[in-house]
Amino acid sequence: MSSILILLFSLFLFSSPSSSSRHHHHHNSGDTSPVNPSSSLAAQIRLACNATRYPDQCVSSLSEQGRVPPDPKPIQIIHSAISFSFQNLKTAQSKIKSIVDSSVGNLNRTNAANTCLQLLTYSEHRTQSTDQALTRGKIKDARAWMSAALVYQYDSWSALKYVNDTSQVGETMSFLDGLIHVTSNALSMMVSYDNFGDNVASWTYPATERDGFWEKTGPGLGLDPSTGLNLGFPSGLKEDVTVCKDGKCGYKTVQDAVNAAPEDNGMRKFVIKISEGVYEENVIVPFEKKNVVFIGDGMGKTVITGSLNAGMPGITTYNTATVGVVGDGFMARDLTFQNTAGPDAHQAVAFRSDSDFSLIENCEFLGNQDTLYAHGLRQFYKNCRIQGNVDFIFGNSAAVFQDCEILIAPRQINPEKGEKNAVTAQGRIDPSQSTGFVFLNCLINGTEEYMKLFKANPKVHKNFLGRPWKDYSRTVFIGCNLEALITPDGWLPWSGDFALKTLYYGESKNTGPGSDRSQRVSWSSQIPDEHVHVYSVANFIQADEWASMSA
């Protein structure tokens, strides 16, 4: 296979937006043969489907005989939409398994299909959890998990994009495109149900802050220290195992300690104490390993380091992570995650997280392009230091960064020539996803080395708060200190006018020479004071329920 194809596959996660947000063509996912339901049932289905991005497909799928019970409650309609998504997900998995079977000898296509299978397994877990959460009345959890299911389906579609060299792959991509629409519809109905309750007639087409729509929320607990909400790393944790470089304790590698953690550990935390030292390894915390905790001896003292990058044959951005976490409830404190791939070495992730209810405190993330991959679900970073240059905080999670130091580092072999750097590249693909990046009381600055370059010739060094990786990119900075290296424009387009009408980039009560909004791009926003509380740690990621220091 050509090296060009391998490289393209390695970059699939930075592909252009999928058909989930740009295409509106016909597809064959979940085609049904509707039987005319009663007029009252049909009216209920139509009203519910009016709250979706793909209402005709929604009506067709839910009108199938027996899909929705007679005289349904709104929550039953949503359950039916989730069930239909799950049914199509299982079909998609079968189609991709067939691609694996027919791709013997084709490394690129085999790798892409296997990546799809793994991603759709995650999507399956999250879809099942969504249905269970709705039954328990946990609507915020349901929305978070269905948002993640959609992320994995989109990434599966993207994984096939660069190996679309057979009709079988093309047909499977079309089916995945339809699956994305089906899942989007279920998620959209959840958002309306959360905001407007059982009155289906009041449910609305998906809208965002950019449209002037602000969700119903509670008080802004955790928006600033004065609220008294005591969130952070729990005290008094005792280690279950210890890792040390000399091998004189329980384990010599971090991965061996992770492997020793029990699977599906309930609510009990499994604490791994990682002694001072440099651990050269790539670590995976798999889906089955929940509530794993890393505790080091301090930033720069306990260091987990790797050097994988997306320029290597067969390596995707997702798989470059020095530490990659999928198991829920992951926590870390007092250590450094590092990827040493140089600034000319493509995407190279130091830390990637798909962990829901994840809390990282007093940790350091060092890299260049794509340092921190907050891929999906709810994450809370507190008192951390994050360093990089190109899109170095990216992904499609719901992540809050509080009291963090965000540092731009020199980017290229000849950095004195100048460059454009974006701190964030948030990747929300659907307006109903409960995802986005929130920065509270953070410092945005450069490393000492970078600031020397910047001050020597500020006109050639352009630094931005973010750029839109996907259509509905959402990032806000609240109460942050923006230093002089932030350009007056503030925000950078991705390409042309892509996403500029649908993104939401907001600022509120920032300080410092880079906070002046008088020259900001017209497609960024000042967050209305009465809506700033939407982005508190309690409202945005429900951290008051899972990140208590007394937990």
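Glycine is no exception: its Cβ is also placed from the backbone N, Cα and C atoms.
Note that the coordinates shown come from a computational prediction; the quantities given were computed from them, not determined experimentally.
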> Out of Q347, Q433, which is the one Swiss-Prot records at the substrate site of T317, R467, W469?
Replying inline: Q347
> Of N50, N164, T317, Q369, which of the recorded positions has the most Cβ neighbours inside 10 Å?
Replying inline: Q369
> Taking the Cβ of C384 (disulfide bond) as reference, which residues of that chain separated by at least 6 in sequence fall under 8 Å from it?
Replying inline: I360, E361, N362, C363, E364, F365, F401, C404, E405
> Where Q369 (site 'Transition state stabilizer') and W469 (substrate binding site) are concerned, what is their Cα separation in Å, rounded?
Replying inline: 14
>> Looking at the recorded positions listed here (N50, N164, W469), whose Cα lies nearest to that of N445 (N-linked glycosylation site)?
In response: W469
> Rounded to a whole number, how many Å is the Cα of N164 (N-linked glycosylation site) away from the Cα of R467 (substrate binding site)?
Replying inline: 28
> Secondary structure at C404 (disulfide bond) (DSSP, helix/strand/coil)?
Replying inline: coil
> Could you give the maximum C-alpha to C-alpha distance in Å for the residues T317, Q347, R467, W469 that bind substrate per the record?
Replying inline: 18
